[in-house]
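Undergrad: What follows is a structure written as structure tokens; I'll ask about it next.
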Amino acid sequence: MTKYKGKKVLDILKPGVLFGDDVNTLYKIAKDNEFAIPAVNVVSSSSINSALQAACEANSPMIIQLSNGGAGFMSNGLSLEGQRAKVLGAVSAANHVHLLASEYNIPVILHTDHASKKILPWIDGLLEYSEEYFKLHNRPLFSSHMLDLSEESLEENLNTCQEYFKRMNKIGINIEIELGITGGEEDGVDNTNVDSSLLYTQPEEVYKAYGALSSVSDNFTIAASFGNVHGVYKPGNVQLTPKILDNSQKFIKEQLDLDEDKPVNFVFHGGSGSSANDLREAISYGVIKMNIDTDTQWAYWDGMKSYVNKYNDYLQSQIGNPDGEDAPNKKYYDPRKLVSSAEESMKYRLIQAFRELNCMNKN
Ligand SMILES: [Zn+2]
């Protein structure tokens with residue numbers, strides 16, 4: 001069944017922040033047309049704008065997401081009890097995206113990244129905001145949230161996610177869960193030394209998760225680990241086995257006697273530095289979202305670096321440069337120049353991701 005093959009996203013969905021069944025419809029369009037959508041981690045209105053510009057130029061939908069730490073940076077300097085500042089940071093970012101996404105004429109999935117057991121209060125706070133938002137606008141603030149209980153037992157992971165999913169589903173919020181562990185280090189979580197068997201999910205585990213979540217609704221995605229690692233390492237250090245995803249799809253189809261060949265929406269974490277072949281293979285097995293953070297962090301920094309290198313002699317003092325000792329440097333040290341260079345560089349890297357994920361011109 002490939003009902004959406006050859007269809008364009010905007011023939012079916014509206015621009016702006018998607019929620020409820022529309023999120024799942026976008027994933028179905030992606031699956032039927034074998035592309036994945038880049039999910040970029042943002043930390044400021046600047047990186048949000050860069051992401052929106054990239055999606056606009058790629059003429060495709062985009063996933064914009066905040067990690068817990070990224071949300072904290074959105075309200076940087078605000079010191080409040082518990083997760084409060086991070087709740088406010090994420091809400092602030094969400095409002096920025098809501099305001100601009102439809103003006104850019106692109107469909108956007110607004111998402112939060114890894115939330116482990118100890119930061120579930122962050123999700124609780126965001127759900128309270130979305131429930132209030134829902135009363136006013138008949139839609140949630142976020143399209144989806146990820147719960148990452150992969151450090152707990154499978155039973156606890158699935159039970160907790162199912163409970164949260166029931167609450168989220170009432171207001172049209174999708175869920176992403178994690179099975180197995182993404183290796184490497186990101187946002188203060190260090191999994192560089194975990195037992196390597198945990199880096200590979202078993203089809204039976206995906207089947208159990210599929211059962212637990214689909215009893216609530218179809219609007220979920222699963223980040224199953226297949227050797228993927230956060231961060232960028234020397235080539236050859238990461239042993240990806242996307243076949244795990246294929247085996248899981250086949251196992252679930254067979255167990256449940258489903259018509260669909262690829263019932264699961266898979267998410268690819270730790271995609272930075274992956275080969276084009278691994279990406280293509282993972283997409284062919286039902287990966288519809290790929291997270292990108294490390295490579296866009298580098299690109300943002302690289303844009304700053306090249307700006308400073310280019311105008312180095314104009315950035316040493318407020319007055320005085322190679323054009324004359326009285327020449328003012330204001331137009332060079334205006335922070336917008338530096339930040340624009342960073343945004344431009346991040347945008348180009350994101351467009352490269354759209355290309356690698358077969359996600360160009362999908363609107
Ligand atoms: Zn991740």
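Positions of Cβ are set from backbone N, Cα and C atoms, glycine also.
Pasting the relevant annotations from TrEMBL:
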ACT_SITE  Asp113  active site, proton donor
BINDING   His114, His230, His269  Zn(2+) 1 binding site
BINDING   Asp148, Glu178  Zn(2+) 2 binding site
BINDING   Gly231, Gly270, Gly271, Ser272, Asn291, Ile292, Asp293, Thr294  dihydroxyacetone phosphate binding site
Undergrad: If you measure Thr294 (dihydroxyacetone phosphate binding site) to His230 (Zn(2+) 1 binding site) at Cα, how many Å is it?
TA: 8
Undergrad: Express in Å, rounded to the nearest integer, the largest CA to CA distance found among the dihydroxyacetone phosphate-binding residues Gly231, Gly270, Gly271, Ser272, Asn291, Ile292, Asp293, Thr294 named in the record.
TA: 11
Undergrad: Under a threshold of 6 Å between Cβ and any atom of ligand 1, which of the binding-site residues Gly231, His269, Asn291, Ile292 are retained?
TA: His269, Asn291
Undergrad: I need the least crowded one of these binding-site residues (Gly231, Gly271), counting other C-beta atoms within 10 angstroms of each C-beta.
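TA: With the binding-site residues Gly231, Gly271, fewest surrounding Cβ atoms within 10 Å: Gly231.
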Undergrad: For Ser272, Asn291, Thr294, listed as binding-site residues, tell me which one has the smallest number of other Cβ atoms within 10 Å.
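TA: Among the binding-site residues Ser272, Asn291, Thr294, the lowest count of other Cβ atoms within 10 Å belongs to Thr294.
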Undergrad: Please state whether DSSP places Thr294 (dihydroxyacetone phosphate binding site) in a helix, a strand or coil.
TA: helix
Undergrad: Excluding His114, His230, His269 themselves, which residues in that chain have a Cβ inside 8 Å of the centre of the Cβ atoms defining the Zn(2+) 1 site?
TA: Asp113, Asp148, Glu178, Thr182, Gly184, Glu186, Asp187, Val189, Ala223, Gly270, Asn291
Undergrad: By CA distance, which of the binding-site residues (Glu178, Gly231, Ser272) lies nearest to Asp113 (active site, proton donor)?
TA: Glu178
Undergrad: At the Cα level, what's the spacing in Å between Ser272 (dihydroxyacetone phosphate binding site) and Glu178 (Zn(2+) 2 binding site), rounded?
TA: 18
Undergrad: Between Ile292 (dihydroxyacetone phosphate binding site) and His269 (Zn(2+) 1 binding site), how far is it from one CA atom to the other, in Å?
TA: 8
Undergrad: Can you tell me which binding-site residues out of His114, Asp148, Glu178 are within 10 A of Gly271 (dihydroxyacetone phosphate binding site) by Cα, answering none if there aren't any?
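TA: Checking Cα-Cα distances against Gly271 (dihydroxyacetone phosphate binding site), none of the binding-site residues falls within 10 Å.
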Undergrad: Using Cβ atoms only, which residues of the same chain lie under 8 Å from His114 (Zn(2+) 1 binding site) while being at least 6 residues apart in sequence?
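TA: Same-chain residues close to His114 (Zn(2+) 1 binding site) (Cβ under 8 Å, separated by 6 or more) are Ser67, Asn68, Met146, Asp148, Glu178, Glu186, Asp187, Val189.
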